[in-house]
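A.B. asks: Sharing a structure below in structure tokens format, with a few things to ask.
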Amino acid sequence: MSMTPREIVHELNRHIIGQDDAKRAVAIALRNRWRRMQLPEELRVEVTPKNILMIGPTGVGKTEIARRLAKLANAPFIKVEATKFTEVGYVGRDVESIIRDLADAAIKLLREQEIVKVRHRAEDAAEERILDALLPPARVGFNEDPAQSSDSNTRQLFRKRLREGQLDDKEIEIEINEAVGVDISAPPGMEEMTNQLQSLFANMGKGKTKSRKLKVKEALKLVREEEAGRLVNEEELKAKALEAVEQHGIVFIDEIDKVAKRGNSGGVDVSREGVQRDLLPLIEGCTVNTKLGMVKTDHILFIASGAFHLSKPSDLVPELQGRLPIRVELKALSPQDFERILSEPHASLTEQYRELLKTEGLKIEFKPEGIKRLAEIAWQVNEKTENIGARRLHTLLERLLEEVSFSAGDLAISPDAAPIEIDAEYVNSHLGDLAENEDLSRYIL
């Protein structure tokens, strides 16, 4: 990650409105990963990441920041919900499976990168195999005779036709590696055992091939993947993935507030304090056994987030609070924020609906006053009922464009037809009554 914090924030601004404090915190944390890797070895091992706790109501951008960060980081990343895990010894997934899933994500990410590197070689090898199936390979000897020369010319002709796609629908018989896939169902918490069994069965069937009749287009795709897989060095891939997890891994733990013990609640709760205590060694730094080998979690960055409606950050066990030293508060959205969300981000909601309906030949145009009124209604409904943040806009837009979306396929629309204008009057006529009536808005919006 060679992007500066300012560049990271600028990139996040393309998709997320407001929440500058949270963006700055994650940008600095991400840049610190790069800074650490520039240090001498003896100092590098001493520098641990400063984990982050994001606090804010639902629908203000906590999860979206994590999603966008994952794309920017180009590093092993996993998002989990704290509520999915149970204390060790109970039925359910234990927290160590987070690191096992992170290891899987690292292998997938690095394999994709390696396949891109060997793509051209794989395409050449796949092309030769398809040509071998279409006609016998040309043999060029010391005393080449005209028949062999013409054979070579035929091969070149077929190669040209193959590249131009003229042979795509031709059926050929080709030897393909036999995939040995075994579906194994197991109770929650036993994923590691099922993975090991699946790997065992896959290794047993390795090297077996079977003859299949396929169209050239399908065969070329399968053979290309097969050849790319052969060119990737699995041992080297695992070593790189292990280093990527340990040095650059990022874990985003959502809904951390749901495992906080609320002030006056008593009794034992399996999914709460026990999960927090299991998370402690993971965040502090421990060793977890994965398919890559033993993974040290000392330098994995953990970002936790929660709405904290019914509990407070201080309800988390003190040790966990200490392991999340950077606190960032995300603010509730204002009507102006809703207005910007509808119009400013790359691939905003209004742009998505406009392009979706354009596929039917229907043009819609969102007027500034219509967007402003829509933002006001979203804010009002959130204030009167449950505040679900920007997610309210999805509900309102679906309701607003329901009739248009339903009948768009039946309308014979001429290319020169004027666009449907979504202005303040249109918004009021479709949503005004629902927004004013609190009982209706509770159930419909």
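Just so you know, glycine gets a Cβ as well, placed from its N, Cα and C.
Since the structure is predicted, the reported quantities are computational estimates derived from the model, not experimental observations.
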A.B. asks: Same ATP site as Gly59, Val60, Gly61, Lys62, Thr63, Glu64, Asp254, Glu319, Arg391 according to Swiss-Prot: which of Ile8, Ile17, Ile99, Ile107?
C.D. replies: Ile17
A.B. asks: Near Lys62 (ATP binding site), which residues of its chain come within a Cβ-Cβ distance under 8 Å, counting only those 6 or more away in sequence?
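C.D. replies: Lys62 (ATP binding site) has long-range Cβ partners Ala22, Met54, Gly56, Asp254, Ser305, Leu330.
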A.B. asks: Using a Cβ-Cβ cut-off under 8 angstroms and a sequence gap of six or more, which residues of the chain neighbour Glu319 (ATP binding site)?
C.D. replies: Arg277, Leu280
A.B. asks: When DSSP is mapped onto helix/strand/coil, what comes out for Ile17 (ATP binding site)?
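C.D. replies: Going by the DSSP assignment, Ile17 (ATP binding site) belongs to neither helix nor strand, so it counts as coil.
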